[in-house]
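Peer 1: As annotated in TrEMBL:
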COMPBIAS  182-191  compositional bias 'Basic residues'
REGION    1-20  region 'Disordered'
REGION    172-208  region 'Disordered'
REPEAT    331-373  repeat 'WD'
REPEAT    374-415  repeat 'WD'
REPEAT    458-490  repeat 'WD'
REPEAT    558-589  repeat 'WD'
Amino acid sequence: MDALVQYSDSDDDNTPNATTNVPVSIAGIKKMAAAPQPSILSTRKTVQSGPSSSQALALVGSSVTSHGLANREKYRTKTAAEAATVGPAPPKNDNIFKQTAWNKGMVGAAGVLEKVAFDDAAFNANYDSYNATGTADAVDSTERISVILPSGSLSASNQDLQRPDRMNKKHEFAQDANSQQPKKRKKRKHNYAADASTELDGDDGQFGIWGKPSQKELDLMEDSLTDAAKGELNEHQLEKRQEIEDAMAAKKGAAADSDETAFDKMVERKMAHLLPPRLEAGATAKKATTKFHGAQMYDYQGRSWMAPPSGIHASDDHQCYIPKKCVHTFNNAHAKGVHAIRFFPKTGHLLLSAGLDGIVKIWNVATKKLMRVYDGHTAAVRDICFSNDGSKFLTCSYDRWIRLWDTETGEVINTFTSRRVPYCVKFYPNDNNFFVVGQSDNKVLTFDCTTGEITQEYNHHLAAVNSVTFVEEGKKLVTTSDDKKVLIWEWDIGVPIKYIAEPDMHSMPAVTAHPKADFMVLQSLDNEIKVYGSTDRFQFQRKKNFKGHQVAGFACEMAFSPSGKFLVSGDGNGKLYFWDWNTTKSYARFNAHTRGPTMSCEWSPVDPSLVASCGWDGCIKFWSNTTK
């Protein structure tokens, strides 16, 4: 393309507006661009020398207007020193774009913006190059021409005219279109080791980069310090401080659970609201007390009060009968309800009762008198069990303690706990040095009476264990639970040998073995008594089913007559039911207790028709055919 250079000089002869059009070819452009660049001083000299030396001011493809010449005259009066020091200021009357262009070096030699003809490709290349390097190209982008400003220009690109090294670098940078973005400068790593090794002296060492505080600031800092920070606490303050620390330590200790307490919470997380308070770490059982209420401990022959009367012999071959009436009542036998009763083994001349008041009492059946009181629990006694000879008995309570008592003296032989609630307890019939207990943590445990250690654990139930019954002469035991399952175990083997679980089964909280036949009866909470075999396959006896009573929600116990002919059971409404074992027919029903269920009943081992019952009304009653 051809460029038209227009030149004008106000000093020409009477032709201030005369212009000379000089056509320039592309080859000429390149040749002029390749010529050596004039310095700032030579440029200034050329500007001041008049129109005869103005050829160096021509820019390729640009035109100098009369307005540009007028602006050049404006700065002609400035000296070289002033121009080098201050430089021309941008025109104030131009718009923002022109001022910005002036600062960026886009102003021509005349001091004003010059018009240059560019096509779109050349303009975009110049635009990108200028943003990246601060210089623009001529019409042919392969050659670079820096704009020459008047002396003292503020443009950084014009300062490069005196720095050939910068011009070469920029020329090389412009040739590579892909390297327009400047390289990132590497971040210098900070030498922290040198900082650490630097020691500051005086105030710098105390205050660092901050200045030393004034005396007023020091006074304020001193006034803000507490007596404890100053170390000036008096005796009263020290005592108060110690009291607060002790209280916080006690509160923290109470809030922090021990390992045992935390484990208890985890085990009982779903039933905690139904169970009594947990045992604290290091808790001990209540101090046991006893009191004898009989006439004398020993008779004139030196026999203990526990000795059975003469003429009583244990026998299970006698004929039994259903009682007809209540022959005696122990009113207010316990301050609260009576949960369980047990006849003395084989002779039945004594009756042991467990009350909801946490007290166990023993009664003389013949004289109808209280003989001894055993007080060793802080909560209701859940179950009791005599040893084979009756010299000892076990009690388990909702206070989570199990105790072994001496029946005659009332002393506590040993105390046991697993930190769970014991629901039932039974001596091992073949060795009374061991007993088993069903607990709230779904386990059945075997304890050694002598050492108190746990010797075996039966853990296959999914809910609290309600009953433990020995069958087959103590070789096996049957356990029932709230999970509606019946499990059969070999003695001292922690794996069940049989599961009894049916979809229509209910929980069976009470179990009693038949004294003669190989059967056992289970109190089902669907108001029925179920019968299962107690040997071999433990089959369900569908034809034997005892109905008529209401026991839903209560663990009412059952008992067989010594001959096994009759079955007696309590009722949730306080009644007492008698059935014939062979025909399952109900023969009798008595309103035994009021204000609650009949929880337990026992048939005397020697008296053919004597039956004892207890309930939550706090009474114990004897039922018989005779008035003796």
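In case you wondered, yes, glycine gets a Cβ from its N, Cα and C as well.
I'd like to know what surrounds each of these features in this structure.
Peer 2: Counting residues of the repeat 'WD' (331-373) by DSSP class, helix then strand then coil, yields 0 helix, 23 strand, 20 coil.
Counting only same-chain residues 6+ beyond the ends of the repeat 'WD' (374-415), those with a CB under 8 A from a CB of the stretch are 276, 278-279, 285-292, 304-306, 336, 339-340, 342, 344-346, 350, 352, 354-362, 421-427, 429, 432, 435, 437, 447, 449-450, 452.
Averaged across the repeat 'WD' (458-490), the predicted model reaches a pLDDT of 94.
Distant neighbours of the repeat 'WD' (558-589): 315-320, 322-324, 510, 512, 514-517, 521, 523, 529, 544-546, 548-552, 595-606, 608, 611, 613, 615, 617, 623; these residues of the same chain sit at least 6 beyond its ends, with a Cβ under 8 Å from one of its Cβ atoms.
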Peer 1: For the repeat 'WD' (331-373), find every same-chain residue at least 6 residues outside the stretch whose CB is under 8 Å from a CB in it, and list them.
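Peer 2: For the repeat 'WD' (331-373), the far contacts come to 290-294, 305-306, 308-309, 312, 314, 379-390, 393, 395, 397, 399, 405, 407, 410, 557, 596, 599-602, 604-607, 610, 612-620, 622.
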Peer 1: With DSSP as the reference, give the number of residues of the repeat 'WD' (458-490) in helix, strand and coil.
Peer 2: 0 helix, 19 strand, 14 coil
Peer 1: DSSP helix, strand and coil counts for the repeat 'WD' (374-415)?
Peer 2: 0 helix, 23 strand, 19 coil
